[in-house]
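Notes to accompany the following structure.
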Amino acid sequence: MGGWSSKPRKGMGTNLSVPNPLGFFPDHQLDPAFKANSENPDWDLNPHKDNWPDAHKVGVGAFGPGFTPPHGGLLGWSPQAQGILTSVPAAPPPASTNRQSGRQPTPLSPPLRDTHPQAMQWNSTTFHQTLQDPRVRALYLPAGGSSSGTVSPAQNTVSAISSILSTTGDPVPNMENIASGLLGPLLVLQAGFFSLTKILTIPQSLDSWWTSLSFLGGTPVCLGQNSQSPISSHSPTCCPPICPGYRWMYLRRFIIXLCILLLCLIFLLVLLDYQGMLPVCPLIPGSSTTSTGPCKTCTTPAQGTSMFPSCCCTKPTDGNCTCIPIPSSWAFAKYLWEWASVRFSWLSLLVPFVQWFVGLSPTVWLSVIWMMWYWGPSLYNILSPFMPLLPIFFCLWVYI
């Protein structure tokens, strides 16, 4: 084989007039298989070269659009391999041997007495009796049976049809009662949650009023800020947990909450005593312990003994009551405990623990109060997300 040619390049890689669909073999110094020799080193000057007459044909061949290889390519001499698309007729489907295909005849309907037993009640006699009903005749015939007149109002029509056909079919549920039964608890729940959010703002408002008494004429500023806990300036009613004044804010709100609870108890005591619901026997001022009024319900007889003071009334034959006065708060607490014990039977298991807790020394009580003041803020932060669930549980307990 010859080496590189010294004359200008005229090979397939440079002569654009010669089709070169694949673009490789830059110098085309091929082997003697194509009769290349030193006299005709270039492919373009070889008289025995194959001119690739099929290379000018552009079509879908074995190598994709525009790449139709000559000499049949890799897939042979078929028309598809040469890039010629031919349509092959599809073979017809085999004849069906299923004689049952196609529309089948409609099956016979079951008897009416099996599908609609309620319709069997309307026999000819019942139908004629219904037509004789004045309410039905009023739907189609005017008053007096003449062909002129006015038709009954629509509400009479509906009531007549509903009253006549009420004996057949299943009763329709009253959706109005169902909706009202669900709407009531939802309204109570919404009102309870709204009231709770407003009640929770009362201690904060009273705390703001309390702290404003120490800053007359100025803006209240928390005095608990120091170098050990550098925090931004804030109001004493909005101390963060890292502020030293946070525990004092919690103590103020705890006292405010106790005062609000005391006012609510006084109001409830006055209301229940006015309605005669408290198990406390009345005492007339300036008189003896014997009252001439009617006896109220008493939980402990007069001759019985109790470790706590209670109102004991007896009802002798003359109708008088012998009463021992006690604080109304204890009577109210006992009344609430009895009411809750009836509702929740498991509360009776707490009686020994409550009696033991009440019998503790004042030192233990002071220790408990101190622990509540010390750990109360952290417990409040833990339990505060669950506060809105209390009215929800209460509504579920009342309505379920």
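Each Cβ is built from the backbone N, Cα and C atoms, and glycine gets one as well.
Note that the coordinates shown come from a computational prediction; the quantities given were computed from them, not determined experimentally.
With respect to the membrane, Trp337 and Tyr374 are annotated on opposite faces, judging by the topological domain names in Swiss-Prot.
Of Asn123, Asn320, the one with N-linked glycosylation site in Swiss-Prot is Asn320, while the others lack that note in the record, though it may still apply to them. Non-local neighbours of the topological domain 'Intravirion' (370-375) in the same chain are 247, 250-251, 254; each lies 6+ residues outside the stretch with a CB under 8 Å from one of its CB atoms. The average pLDDT computed for the topological domain 'Intravirion' (370-375) is 73. Remark: secondary structure over the topological domain 'Intravirion' (370-375) totals 6 helix, 0 strand, 0 coil, with classes taken from DSSP.
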